Amino acid sequence: MMLYKLNEILFNKQISSRYWHMEVFVGQDVDNVLPGQFFNLLCSNENTFPFLRRPLSVYKINYDKKTIEFLYLVKGDGTKRLTKFKNGDCMDLVGPLGVPFKLNNGARHILLVARGVGIATLTALAQYAVEKGIQCHAILSARTKDDLLAVRLLTSLGVHLHIVTDEEGTSELTHVKEIMQKIHYKFSIQGIYVCGSKRLSKLAKSFVIEQKLEGQIALEEHMACGMGVCFACVCNILNDENIESVRVCKEGPVFDLRKVVL
Ligand code: FES
């Protein structure tokens, strides 16, 4: 894990009304980064406010350029501060943190299900899976077309995309389930990976249980320290019929979808 390292920001730009995209040079440390992990970014170099870091999932890992990329939603003081960073500024970040996604040996087709910025961490997984020869299918859900993220990158990776939006009235669960069924019946997917929506996660959970598939979820509980100390990010896991409280930042953020209490 890298600790409190200052890394150069290559770009930090707004890509839609609510979302920003940042690329940071991390050098050889990039070799330790896996999809599903996150970094804790200090939101300002100027003073200590807000002193807490913001956890951002890795969106793209560029092992050749030794950089990582993040997508982030601007919704509070911390992320507003992040937008102030300019190209060439230094970013103080800690990571990679957390448990990454696992891909089963022998998987040929997997399905990614994401809403909003939840697609960031699943895009890193898609990149990783495609490099292993796994065909990815993805259902992307968003409020509006303007909120859709990563479409161009996923398309360039050869991911089969199914887009649903609230504004078009296509994001209802019954419709999403129909899409899941069609993809599964046609390609016999081996696993579902989900992030960004409790409703979609519940749907995906019932689908993997019903169809006896692998399933993983990247949780986005509110984090504070991001390092397992404060217990601000606890969620419940069902283990052998016992409910166990675990820290999303330490034992996660990726969990077995069938075990997470949603
Ligand atoms: Fe502090 Fe997880 S954020 S323990």
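Cβ atoms are placed via backbone N, Cα and C, with glycine included.
Under the heading FAD binding site, TrEMBL lists ARG54, PRO55, LEU56, SER57, GLY78, THR79. Feature annotation from TrEMBL assigns [2Fe-2S] cluster binding site to CYS225, CYS230, CYS233, CYS249.
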(request) List which of the binding-site residues ARG54, PRO55, LEU56, GLY78, THR79 have their Cα within 10 Å of the Cα of CYS249 ([2Fe-2S] cluster binding site), in sequence order. (result) PRO55
(request) Quick one: of the binding-site residues CYS225, CYS230, CYS233, which has its CA closest to the CA of ARG54 (FAD binding site)? (result) CYS225
(request) Around the recorded [2Fe-2S] cluster site, report the further residues of that chain (criterion: Cβ within 8 Å of the mean position of the Cβ atoms of CYS225, CYS230, CYS233, CYS249; site residues excluded), sequence-ordered. (result) MET223, ALA224, GLY226, MET227, GLY228, VAL229, PHE231, ALA232, ARG247, VAL248, LYS250
(message) Checking proximity to ligand 1 here: which binding-site residues out of ARG54, PRO55, LEU56, SER57, GLY78, CYS230 have their Cβ closer than 6 Å to it?
(response) CYS230
(message) Taking 10 A as the limit, how many CB atoms besides its own sit near the CB of SER57 (FAD binding site)?
(response) 25
(request) Determine, for the FAD site, the additional residues of the same chain whose CB lies within 8 Å of the mean position of the CB atoms of ARG54, PRO55, LEU56, SER57, GLY78, THR79; present them in sequence order. (result) PHE38, ASN40, LEU41, ARG53, PHE70, TYR72, LEU82
(request) For the binding-site residues LEU56, CYS225, CYS230, CYS233, work out the Cβ neighbour count at 10 Å and name the residue with the minimum. (result) CYS230
(request) Express the distance between the Cα positions of PRO55 (FAD binding site) and CYS225 ([2Fe-2S] cluster binding site) as a whole number of Å. (result) 9
(message) Between the Cα atoms of SER57 (FAD binding site) and CYS225 ([2Fe-2S] cluster binding site), what distance do you get, rounded to the nearest Å?
(response) 15
(request) State the count of C-beta atoms found within 10 angstroms of the C-beta of GLY78 (FAD binding site), not counting that atom itself. (result) 20
(request) Report the nearest neighbour of CYS233 ([2Fe-2S] cluster binding site) in space among the binding-site residues LEU56, GLY78, THR79, comparing Cα positions. (result) LEU56
(message) Using CB atoms and a 10 A radius, I'd like the single residue among the binding-site residues ARG54, THR79 with the highest neighbour count.
(response) ARG54
